[in-house]
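Starting off with a structure, shown below.
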Amino acid sequence: MNRPKREKKSITDVSTLKSLEQIKRARDGEKRTDQLQEEDDERKRLEQLKEQETEFDKEERKRKNRDFIEGDSGYRETSDNEDEDEDEDDDGDNSDDDYSLDEDDEDGGGDGENNDSDQEEAIEVGRKKKRQVKKKSKKDENGEPKVKTPRVKKTKEKKNEIVPEKNRIIQFINNPTESKSTSNNESFFFDKLKKSNSNTLNSTNSTLNSNELSSGGTMSSLDIESMLNDLQSAPDSELDLEKLKEKQLELEKKLEKEALLNKPTISTETIITEGVELDDNYEFDFDFNNPITTNNNNNNNTKTTTTTTTTTITNKNLNKVNSMSLPTRPQAQQFISPKQTNQEDWWSKTGVDSVVLVKKLEEIMPKNSDLLKMNMDGSLDFFLLTTEEDKQGRIILFGKVKLQASKSNKPGGGGGATKQTSITDEPVTKVPLKYASCCIIIEKMERNVFFLPRDYKLDQDGESTTIQVTDTMIEAELKQLVDRSKIKDYKLKKVKRTSAFDYSVPHKNGPVGEQHYVWKLSYPSNQMVFPNDIKGSTFRCAYGITSSPVELFLIKRKIMGPTWLTVSGITLNFDQKKSFARYEATVKSFKSIKPSMYKNEPSPPLTVMSISTKSVMKGSSHEVVMISSVIHESISADGPTENQDSIKYITAIRPLTGQVFPPDFQKPGASTTKQNVTICTSERNLLSFFCETVLNADPDVFAGHNIIGYDIEVILDRLEKLKVMEWAFIGRLKRSSFDRFNHISGRLICDSYLVCKEFLPKEKNYSLVELSKNQLSINKPEINYLSIEPYFETTKKLNIFIEINENDCYIIFLLIFKLLVFPLTKQLTNLAGNQWDKSLKSNRAERIEYLLLHNFHEKKYLLPDKIYQKSSSSGGGGGAKDKDNHAAYSGGLVLDPKIDFYDRYVVLLDFNSLYPSIIQEYNVCFTTINRVKRDDGKWEEAMPPPSSIEKGILPKVLHGLVSKRREIKKRMEQEKNKIIKAQYDIQQQAVKLIANSMYGCLGFSHSRFYALPLAELVTRKGRENLQKGASIVNKMCYDVIYGDTDSLMIYTGVGTFNEAETIGKEIQKKINDQYRGSVMEIGLDGIFKRLLLFKKKKYACLKEFRIDSTTTKCERENKGIDIVRRDYCDLTKDIGQWVLNLILGGEEKIALFSLIKEYLESVQQQIKDNTLAVEKFIITKTLSKQPEEYNDADIQPHVQVALQMRAKGLHVQPGEQVPYIITHGNSSSDIKEEWHHRARAPSDVESIQDVDIDWYLSQQILPSIQRNTGPIGMEPHELAQWLGMTGTKYQKQFDHLQQQSNQDFKPRYTLSTEDLRYKQCKSFNFECPYCGQNNEFTGIVKIDSEGKSESGFDCNQCHAKIPLKKLANQLQLNIRTYLKQYNDWDLRCTECEKVSKNYKETSYRCARPQCRGKMIQIMTSSKLFNQISFFSKLFRNDLSNSDNTTTIIPNEDQNTLKQAKQIIDSFLSKFDQYNVNLNSLLTPSQTLDSFNNYLASSRASIQYPILNK
């Protein structure tokens, strides 16, 4: 068997490149690190072999010495006499055996010669094994005889000797870099650099021409080992390593220049489109070649181009559009450190203090109260952060306490304090205070249940008797109930309460505002809870059962969010603590806690720990490989944080399973070694270290981006599966069993993903990359989760991996600082009185709930039951949904938009806080308005109470909020201190958010304070006020072109900003005159210089506003259009943005058409040339639930891609934006898949050829451009042609529109489906009795291919006239088909789209298991009416621009129309909506005929746009 020879290493091999450290050691004559390592490895190997040597090894060694000999070709078996002719078949290639033979040959060769018996036994064993090997080797893998091949005997090669040159490195340093001829030594280093950058250069450039080498020898013959050995044997202390580094840098620059010269160039065609400045808030990614030159002269005809887009569109009329070209595909992603981006190097600002010291639990916990600051009366000042309830019914408070200021030391991780600025008049302590975490355990908390007595007692059968209920009777029954429930330590007394709310339990409802005597039962919270619908013979119902102990504690003790509390009667615990807080105390009763007298004292600083977790998939589990944390111990909760750079950071990382780190990673003394990085040996060790770090840092808040949906979930899952002993350290409460639902007790969680969704509603993408770019102007590098493994290949990549993860933690702090998350959410919580962690999770419904609970409890009202239902909705002005998902009441009024392009000024008027103002104006409250249900279960329409009724609680609360905000804003204007001014601004924002959310609790069906009649009253009054405002505008002879809920758009027709502003203020004053002495008020919200109004809630405008008295500025604003929607690709958005910029830029219509034509043709050319980037076709859509929970996943492309991503091990959670591209699909299949089955993740799309361009053109690009250009009169078929869509499917649709001679017929006969009512209607098809052709009837007149008009009743194939009776018969059959569908009452599921008549009787839900869809009727009465009305519209005989219809329509067709009209009307007459008396719409001086004549004349005067080429 031949030993494989080791290949000689070439100096140009990347694997043999040596570092400067090796050269340095060789220069000093020392052994190099690789030599030392090899010697250690060899020594360890020999020692291990000797230790593992056994008797079996000795026997095996004897056999090998007997049966194997060493020849020229290595080891081979000895041949017996009977097998000499088959000697070649015994050739082997087992490297492991070869390795063993080396050792055996050296130290075991003589054993067989001294022992004859062992020798004979070994011979026999060897021969048996040889025969078995021969039998196997004679056949191949398929069992066929193996063909013998003669073995070629290899000759032993001799190594090429290299003449030692100890000065070659010195010669390399002294030679000039720019020399044309490269020396032997320079070639070595130059070659080395080229090899290390082989991914950017062609392999042909990695070696130098042999003619350029000196006569000393060729590069291929040089050996780096020989060079270093020469230097090591003859040390040269004068070798300058710094010069060597400089020389290497020069060669790197030279290499980069060579790479640029060899880099392929991609040319793109551009069109000259000059003159309009573009919006830089939108990412064009266009390539602008020349800088723009501006000139204030309007008559300047100089062609200009621009280098960037701009958010401001100037008032100047420009004639041409900027030159631009769409981008090419970017290069592959590289490993980029955050330090190489535009972000500042925050690591350099940290010092030795940035290292987190990890100590044992007993080292960081205080042993006594010496450092704790107590009050003179023995009470303790405690700042509340969060509240928990344990299984025993105890209340546990977590917060912070003050430490003695005179003591210099403090408990570890307690959080350093900074000087806080107060906005109160109280003096600020100059001595910096120190704080530590604390836990307060309330041993005794109680529940309160209120029993409402009956008027008459019930008998045993539940029937009412004539016996009146007395106090003695009800008290006796309640005591029996308590004894039966084994409740102890209770109190029972009679109290007075008022009812005002609606309950889900019917027998709880009572008259509004009526006072009752009820029996209050107070008992410990750790005992049983009564059923919510409980009733007895002497009591009708019970209230307060659903209130939790935490809720009662906050309400009864009047605790309004995070604030200072005074705790008396405490017992400090230092042994057998129940928490990991630094201090722990116990109180007997909740009454020992009350708000502090100094509740306005500055809040203690927060210790915030942001974390970022990286994991790899193994099976279905995420295995954690790295956790980074950045810790800030002094974040202000009252205002901006002053010292934002005072941070600590730490990273724990482990090697991938089955691998090791690179040898020089975190090597002691190395320049790349990081002091804040801890290497862990396993995942279990990493998680244990992380938990210990949390214990030492003791953070008050965990922060992270999607930390709730990913980081915490992954960490807890791995802690549980790996059974990490320290798992409880992640929270502040000691636990003996794992609790996934209450895992981080005592610490707040700030998820920047949820926070940004609430406070940055205009963002389109809430990924950390996009938020960093848009909010912080930072180009954050992103880790490819598909390939984390490559980061572990080298030390450099590992360090980049760590830096990116640490940087993610730091960016979270930057977002927190910018949005002032903690001060703002604290103010919101202080106003509402709820818990801080719920405000951080953007639970807006709970804020209003607690605000009203505090107010109604203070007035002694019976509180409504708590609703334990999940819903993603939060209510709003659009009308709530009932249980069948229908609108329970009408929302805001939306006036029909007058779709057009307005190139003169439009003003926007907006009611200030419309719904809160209505609640105050009309005294809308639970306590002032009776709600009555009809017999059918629906609510009667509520009416405003009389003015004599006292103001309700809702109007009072809102009035208090509005007054408070007004006062805060007044103080803010007078304040000079920037920090205090920022605090005032935070407070007024919080008040505004609370006030504007008040209406939501009325209309949100899952709200605790849901009151549908009140919500309907508010929206009804909103509609009335908007309609009243529109009427006033019309009386002033201005045109209301659109209105929505609380705003009006008014066309002024003027051409200057000042004139428009004057008109707007005039209209504002006129409307506000109707509300004198009222809180209702309308304001001038905006002035639009140009407006493209598409449809309801969709428009684009150029908004102009005043900077100072003489200067104005314009900005683009889009609402609801395609370029702001996530489900449109960037190419569609770019084109749409360009077109809108052009239209709003003030160009003449003729110029617009030509410029748009040129631009679209250039886009077409780039599509043909495949020069567009694949990324331009990415569509994103939000995943609303788990991918497996979708019943219609097969037709949802983003769900399909999400499932594909999960199959690859990617983490996809609800709420994430899923990107995908529509491709050609499976090219091997002859049948093309549906488009939703051809969706792929962007990483799976290799090139532009894989993208289905036709789908994007027809489904995204063309419809978007058509909508944007529709108001200016551009035709869809021309747009399609300019985009290269010349296929028959587009041509058939638009060919007949090109005939100018028949333009008059277009509005009536060719575009009859444009009415939104008929969008889903099907056309009438009739069969020709002569040729059997199926014809679609589009109108009484149609245009043929030659532009001639012909009857719509003629066959398209044989052009024969369809007989009248045949047509009438087919029309009746067609209508009866739809009638049959209606009468059959077929239902279709909204989720799985199953058609059936079966459904769940109570809820109309789908009968299929696991399907949550609702069964809806396929053919409803409204659909049937619209369908038949559509037929009526098709058979109308009035032409839009012709006074004499008889000259166009033949008599024969007139008779056909008449009979068809009679058939259709006979069906329509059966519908109620068809028989409408229009006389009610007329004035006394009008008649129906005169009104019809007026409509006909108005219709004839309409001028339809004609395309000017």
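Heads up, the Cβ atoms here are built off N, Cα and C, so glycines get one too.
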If you look at how Swiss-Prot annotates this chain, which of 574-605, 926-957, 958-989, 1278-1309 comes out as coiled coil?
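Swiss-Prot lists coiled coil for residues 958-989.
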To which of the residue ranges 212-242, 460-490, 615-645, 1328-1358 does Swiss-Prot assign the term zinc finger?
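Spelled out, Swiss-Prot records zinc finger over residues 1328-1358, not the other listed ranges.
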In the same chain, who gets a Cβ under 8 Å from the coiled coil (958-989) while lying at least 6 residues past its ends?
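Long-range Cβ neighbours of the coiled coil (958-989): 421, 423, 638-640, 642, 820, 823-824, 827, 831, 916, 919-920, 951, 995, 998, 1079.
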Show, in sequence order, which residues other than C1328, C1331, C1355, C1358 on the same chain lie with their Cβ within 8 Å of the centre of the Cβ atoms of the Zn(2+) 1 site.
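So the additional residues around the site are P1329, Y1330, G1332, Q1333, N1335, N1356, Q1357, H1359, A1360.
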I want to check the contact list for C1358 (Zn(2+) 1 binding site): same chain, sequence separation of six or more, C-beta distance under 8 angstroms. What comes out?
C1328, Y1330, C1331, Q1333
Per residue, counting other C-beta atoms within 10 angstroms of the C-beta, which of the binding-site residues C1328, C1392 reaches the highest number?
C1328
Grab the pLDDT values for the coiled coil (27-67) and give me their mean, rounded.
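Per the prediction, mean pLDDT sits at 64 for the coiled coil (27-67).
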How would DSSP class C1389 (Zn(2+) 2 binding site) in three states?
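For C1389 (Zn(2+) 2 binding site) - judged by DSSP and reduced to three states - the answer is strand.
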In the structure shown, which of the binding-site residues C1331, C1355, C1406 has the fewest other Cβ atoms within 10 Å?
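Counting other Cβ atoms within 10 Å of each of the binding-site residues C1331, C1355, C1406, the minimum falls on C1331.
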Between the Cα atoms of C1355 (Zn(2+) 1 binding site) and C1406 (Zn(2+) 2 binding site), what distance do you get, rounded to the nearest Å?
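Here the two Cα atoms lie 44 Å apart.
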Once the DSSP letters are reduced so that anything not helix or strand counts as coil, what is C1358 (Zn(2+) 1 binding site)?
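The residue in question, C1358 (Zn(2+) 1 binding site), is coil (DSSP, three-state).
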Neighbour count, 10 Å Cβ-Cβ cut-off, for C1389 (Zn(2+) 2 binding site): what number do you get?
22
